[in-house]
Amino acid sequence: METSTKTPGRLEHFPISFFAMVMGLSGLTIGWEKAQAVLALDLGITPWLIGVTSTLFIVLMLLYMAKLAMYRQAVIQELRHPVKLNFFPTISISLLLLSIAFLPVMSDVSRALWMAGTALHLVFTLYVVNVWIHHEHFQVHHMNPAWFIPAVGNVLVPVAGVPLGYQDISWFFFSTGMLFWLILMTIIFYRVLFHHPIEERLMPTLFILIAPPAVGFIAYSRLIGELDAFARVLYFIGLFLTLLLFTQANRFLKLGFFLSWWAYSFPLAAIGIASLLMFERTGQDIYRYLGLGLLTLLTGIVTLLLARTAIAVRRNGICVSGH
Amino acid sequence: MSDVTSTVKSKSIYPFVFLVLSFSAGLLLAYSRGPQTLPAEPPPTQPLVTEPLVTETRVNPDVGASESAIATPVGMDARAETDALDTRLSDAEAKIQHLERELVAVAEQQTAVALVVEAQQDRLAEMLADTDTGVAAASDSAAADAISSASPLQDDLVRLGARPTERGYLVTLTESELRFPVGGSALSSKRPESLGAIAEVLARHEQLSARVEGHTDRSGSAAKNLALSRERAQSVKDALAAMGIDAERIEIFGIGEAQPIDESGTAEARQRNRRVEVYLIEN
């Protein structure tokens, strides 16, 4: 897969959205770490999951760096693209997710990843919001749930930040994330209600709507250390959005494969982990069933996504112009 | 045309079945690990004393039956009903155990304080008696010596929150208090105040030695936990030594996950179990 992608023409069109794969696989890793803790089981899969996710991140990073070195103009075009721009923070989010995955096994590595991810994410957030404010080319149909990606990253910071001892920095990023979540949620509903439907290949990004409340619940629980009213509100908003999207499963199943399908993975991991956390906090068995069900569903989906991505790469279906 | 439609339909059913099976696998996994093992803990925001303990724990057959009839669909068989009641009962029992443990801890603390106060009162009474019997002039300096040599230690121990046990005066330091990183043993550059307070007491009372024990929860492998607990005890010893305490006065032990103080298995319980215990022993 990697060797074929390195051919000059394809490298030029190597999309930044590939990093959504790392988000999905990290979500799967963290989900199974949590599930094993809840079930008091050691399945021996954690090192494998962490290894595969880290390797994928390194390979994608190297490929994207090569693209930056050889086709700087192509990278700049992506940075100026109204939709693709929002996928750049998937790099810093991948770092933050890897730091969460490494937290129970190698805290030093986790700290280094967290620092790099947090700093980079601040840079990306500032850049993206600056572009939002000083743009000349955004139309309302450019608005899609991928715009949430920079916001989600901010909310992720406390998940590893609090156990690593960075309380105030975590609060800073959490607050920023919540601010943009509310703003973007309003705009996205306005766009969906009153303008053209979201184009087919970006439909799966609707799943990103689940991530801010679900991750927000996990992050807020770390910050506060207890299950208060706001924590419950966040969790149940996430659960409602999950149900809302599940009722549209038929529409999603009819879509053709695009790299954006990976958008299904991370938000599902987030709501699965949030459910397992709810079980830990309330002791109610329903959340354990829900969390594990969502986690195995995610495992099935990730397996499918890996297979479909491999097929698409083999058929030159991804690294092409316009993707 | 109809063939094409049916092929498309049958094709689109596979992913749906696959997703349903994936979700069911998780439900099966949850079911196979048995019923819920964690007790239903009250949310930490609610103070424990406000819990309606009696109504929660007493299983009144009439009330139980009517409640479960409301909570479950009509037609649920007697076995399922019994299971539901059993779960309620085990939840309530776990809650009682949790509260009892808290009560014992509070009682122990009260006894410790009472013992120290009693000892000081006795000492004061003895000294007053000495003064009254007229040997005041001669014994005044002796009484002053007694106050300065014995009372300050007890004062310090009370201030430290140390609890008398058979093995010495116990100070328990939580993982978050010591700011250990998750799975790590390095103390942050900011030393916790409690560690500084222990160092002060050790410095002031040369007759004391310390036994430092590291404890972990049951997450992860036992061997790793054992090593981690010892490393954390060593970090505490190093920190005390860095504060000027002779390292030879400090013994360290890694206990790992072997001696939990709360076995209920909740996140809070695991947090309580991850701790370092410092026993101050009078030689």
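From the backbone N, Cα and C atoms, a Cβ is placed for every residue, glycine too.
These figures come from a predicted structure and were not determined experimentally.
As recorded in TrEMBL:
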{"type": "TRANSMEM", "residues": "A:12-32", "note": "transmembrane segment"}
{"type": "TRANSMEM", "residues": "A:44-66", "note": "transmembrane segment"}
{"type": "TRANSMEM", "residues": "A:87-106", "note": "transmembrane segment"}
{"type": "TRANSMEM", "residues": "A:112-133", "note": "transmembrane segment"}
{"type": "TRANSMEM", "residues": "A:145-166", "note": "transmembrane segment"}
{"type": "TRANSMEM", "residues": "A:172-193", "note": "transmembrane segment"}
{"type": "TRANSMEM", "residues": "A:205-223", "note": "transmembrane segment"}
{"type": "TRANSMEM", "residues": "A:229-246", "note": "transmembrane segment"}
{"type": "TRANSMEM", "residues": "A:258-280", "note": "transmembrane segment"}
{"type": "TRANSMEM", "residues": "A:286-307", "note": "transmembrane segment"}
Cβ pairs under 8 Å between the transmembrane segment (A:145-166) and the transmembrane segment (A:205-223), at least three: yes
Contact set, same chain, for the transmembrane segment (A:286-307): CB under 8 Å, 6 or more residues outside the stretch: 21, 24-25, 27-28, 31-32, 34-35, 38-39, 242, 261-262, 264-265, 268-269, 271-276, 278-279
Sequence-remote partners of the transmembrane segment (A:44-66) [C-beta within less than 8 Å, at least six residues beyond its ends]: 2, 5-6, 11, 14, 16, 18-19, 21-22, 25-26, 28-29, 32-33, 36, 91, 94, 98, 101-102, 105
Tertiary contacts of the transmembrane segment (A:205-223) (same chain, 6+ residues out, Cβ under 8 Å): 144-146, 148-149, 151-152, 155-159, 161-163, 167, 170-171, 174, 177-178, 181, 185, 188, 198, 230-231, 234-235, 237-238, 241-242, 245, 260, 263-264, 266-268, 270-271, 273-274, 277, 281
Contact between the transmembrane segment (A:172-193) and the transmembrane segment (A:258-280) (3 or more Cβ pairs under 8 Å, separation 6+): no
